[in-house]
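Trainee: Before I ask anything, let me first share the structure, which is written out below as structure tokens.
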Amino acid sequence: MIQGQFPLRRMRRLRKHNFSRRLVAENTLSVDDLIYPVFVLEGEQQRESVASMPGVERLSIDLLLEECQQLVALGVPMVALFPVTPQSAKSLLAEAAYDDNGLAQRAVRAIKAQYPELGVMTDVALDPFTTHGQDGILDDNGYVQNDVTTEILVEQALSHARAGADVVAPSDMMDGRIGAIREALEDYGFHNVQIMAYSAKYASAFYGPFRDAVGSAANLQGGNKHTYQMDPANTDEALHEVALDIEEGADMVMVKPGMPYLDVVQRVKAEFKVPTFAYQVSGEYAMLNAAIANGWLDKSVIHESLLAFKRAGADGILTYFAKQVAEDLQQAV
Ligand code: PBG
């Protein structure tokens, strides 16, 4: 201030007009940043809503294809598939995970046949296929065995690759699985199948609605995943995980959950400068959606929340809002 007459710098000058706000914007959200997670059901003409995720539906493959047509038209680059495995297909050794005729594999083939330009990413993890809802094979004490589980994850990833998956995304948090999967993909000629590693995946209560959506919550019987997913208290450990996954051959890394872990996103991107993604998970969707539905928050919080990921350095975001946001962005043009 000079003699209290006027402020030396008027920061508000550039904020006055829409044109200058647009010109000086440091970050933008585009449809190119979005990955849409979808839940796949057995059968035909099946459509089920998810109680804790209003607006999200589980769809049979035929209906999912219609959804994909809209996503392609909107320019959404990729879907992430999550199969809802019937109870009868679950087992202790998760054999259904690597069945070439499994639901995920059939969904990949159907989408790639009809919409080859749409990226398809698959979830490499055993929890939809185990009777106990854990992401791996248990020993006699109920501990998830690392190396035995990894062998099955490799089979699962190969079977997704055979079906035509563009990106396999291990979300299980077993040690060494990225290296094992990369080696197997190379051995079998899938040189260009990409790996998006759920590198910093925390043991989070924000996954609750997802577990309802895929039907693993009941199987888990109140159990937790603390012996393999990360402790929410840690960030250095996340950098260590990411470093290992990059070394083992991951093409892209991910932090999950999203909004409560933006510090981790920022540190990962700043440290490694590799393609870095964040997952705005089911609980985050449920939270925002519930507040919007009650009129407690304006729906502009959705765009604001996604822009926050961009600010933190994320290259892209997995979000259940992807389709809705893509529609909004298209209308805004
Ligand atoms: C399975 C998996 C989970 C999510 C993605 N893959 C759940 C879990 O680890 O229990 C959560 C996604 C979400 O909450 O939206 N390994």
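Note: Cβ is positioned from N, Cα and C throughout, glycine not excepted.
Just lifted these from TrEMBL, have a look:
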ACT_SITE  K201  active site, schiff-base intermediate with substrate
ACT_SITE  K256  active site, schiff-base intermediate with substrate
BINDING   E241  Mg(2+) binding site
Trainee: Which residues of the same chain, at least 6 positions away in sequence, have a Cβ lying under 8 Å from the Cβ of K201 (active site, schiff-base intermediate with substrate)?
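Mentor: Expected: S171, M173, Q229, M230, M254, V255, K256.
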Trainee: Sequence gap of 6 or more, Cβ distance under 8 Å: name the residues on the same chain that satisfy this around E241 (Mg(2+) binding site), in order along the sequence.
Mentor: S199, A200, M230
Trainee: Please classify the secondary structure at the residue listed as 'Mg(2+) binding site' using three-state DSSP.
Mentor: helix
Trainee: Can you tell me whether DSSP puts K201 (active site, schiff-base intermediate with substrate) in helix, strand or coil?
Mentor: strand
